[in-house]
Amino acid sequence: MKSDVLEAEKITRARFHRSKDGEKQVVSTYAYQIMIIKVLSALVQQTSYVPDEFYQSTDVVHNFVLNETRLTWEWRGSTPIRSPIWLLPILILGKVLFLIGLYRFVNLHTIMRLYVGLASGFSEVAFLKMIGKTFNSSAVTEATFMLMTLSFHQLYASSRPLSNSMEYALFTFTLSYFSDDLLSSSSTVYLYPAALSIIMRPTSATFYIPLFLLHFYHSEDRFTLLAKSVKITVIIFALCIGIDSLWFGEYTITPFNFLKINVLDNIAVFYGRNRFFGWYLTQGLPVSCGFSFIFALVGIFQCQMFTKVEQGLLITLVFNWLILEIGSEHKEFRFIMSALAILTILGAKAAARVFQTEWIKKLYIAVNFMIAVYLSMVHQRGPADLARYLRVELCSNAEGASIRFFGPCHVMPGEYSRFCLKGNHLDLVQLECPPPIPGISENSKTEVDLFHEDPEDFLYKDLSRKKYEYLAFFDKHESKLERTLHELEYFQIKSFFHSPSPLDDASRNIVLYKLKK
């Protein structure tokens, strides 16, 4: 009991001034565990989260290596909005593997997941070092490890090749350098990951602007701080323009294009509109940040005096919440992933007290693990299983079977999922769904829209132009398409489980039909 009281006193007294103690203990105790967990979470993924984890990452690398597949609209047209800068290590690795003849024998999806998972792992190790030196408390360090690395959403999403996962890693790196000691200095080392994150997705600047303004306000040498900041901005921005212009073959500034298309033209709502004010507070943060959200609320209400850094983190959190709630009608869980690091700092002391009870700690781990397993291995696994089956069964087909998938936008796991061991690609065609952007599409309705309005009519007209050997779609359409499929001589050969709780326009299973010969 006495030791618990002493530990609690340590936690209560801990403020955001660095000390030398605790760093070695953090590295030796948790670093290897974090990296092992990230690698395992990358290897066990059997499901799909969002299309971007394939179309904006693996497909880009695959296209760069072979130049045989098509990229989505974000990488084409007169105003491409994506930069390949965060993919550079894998772009180089993929090209090297191709040149030495090994590219066909590796799984690019797995390599991408390991790359992003290790990046988030290293950022969490750096973050734990900061926590160890800041609080000098093993209980707070352990609580931080549990709130971040063992959070179910982190186990599920932090190893997925999404720019949002990389942004989380970069923001966590940034916070690992942030302290009350830094605020009075002109050190700008934290701005390098910040600038890279903003280049990747300009709207992530909302996480960094409040922190920089706080630093500028408290700095004892503002002129030096400003000069260093301008220097870093120029270096990273010039690097971005150089890489983007080389990639697209003409002078290109993707961050400006991103802001124009997604913010000014508001094209983001094409992929979903959510006008509910408070969605991020009631759903986004609780899901993306798990139990850190609850502990952060407890920590905020229990704290009698906030440090300068804690004040900055609160301002950053509130600022981002307001920007996301008011400024964007297109809302997704992954857009708020970076908030986890802030919530963990604010809630770690409160969590440390709760986790002193052993059964609560074990229950926390068990609950997060079960949710993560469900999301990683059960929920939304149908498209990946279908793609795997098609490669196994049809890649050896010398005649080149054709497959048509009727379903929501970009449900299948990317162009790379068509790649065969022999080096060829399956003829798999999905419904088109480009947004109404000049130079990309002038149509107000996509093939996906037309199919869902009248599945039977669309199927009949589509197959009158070309008869595919295989057809795939979600089983909720089966009753509407049964008569047409029978007339056109298609019969079901297999069903793939998708999810017990399907979202959007999906259903429980995906069915595969084959044309009678």
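Every residue, even glycine, has its Cβ placed from backbone N, Cα and C.
The annotation transmembrane segment is assigned in TrEMBL to 85-106 (among others). Sequence-distant neighbours of the transmembrane segment (85-106) (same chain, 6+ residues past either end, Cβ-Cβ under 8 Å): 57, 60-62, 64-66, 112, 115, 163, 166, 196, 199-200, 239-240, 243-244, 419, 421-423.
What TrEMBL records for 112-132 (among others) is transmembrane segment.
Sequence annotations record features per position, and here TrEMBL assigns transmembrane segment to 139-157 (among others). The list of residues near the transmembrane segment (139-157) in space but at least 6 beyond its ends in sequence, with Cβ under 8 angstroms from a Cβ of it, reads 7, 10-11, 14, 22, 25-26, 29-30, 33-34, 37-38, 41, 49, 120, 124, 127-128, 131-132, 164-165, 172, 287-292, 295, 333-334, 337, 340-341, 343-344, 347-349, 351-353, 355-356, 361, 364-365, 367-369, 371-372, 375-376.
Here the transmembrane segment (190-217) has long-range neighbours at 83, 85-86, 163-164, 166-167, 170-171, 173-175, 177-178, 182-183, 225-226, 228-229, 232-233, 236-237, 240, 254-255, 258-259, 262-263, 308, 311-312, 315-316, 319-320, 323-324, 338, meaning same-chain residues at least 6 beyond its ends whose C-beta is under 8 angstroms from one of its own. Residues or ranges marked as transmembrane segment in TrEMBL: 190-217 (among others).
As annotated by TrEMBL, transmembrane segment applies to 229-249 (among others).
Residues or ranges marked as transmembrane segment by TrEMBL: 277-300 (among others).
Taken from TrEMBL, the feature transmembrane segment covers 363-379 (among others).
Residues 80, 83-85, 88, 188, 191-192, 195-196, 199, 212, 255 of the same chain lie 6+ residues outside the transmembrane segment (229-249) yet bring a C-beta within less than 8 angstroms of a C-beta in it.
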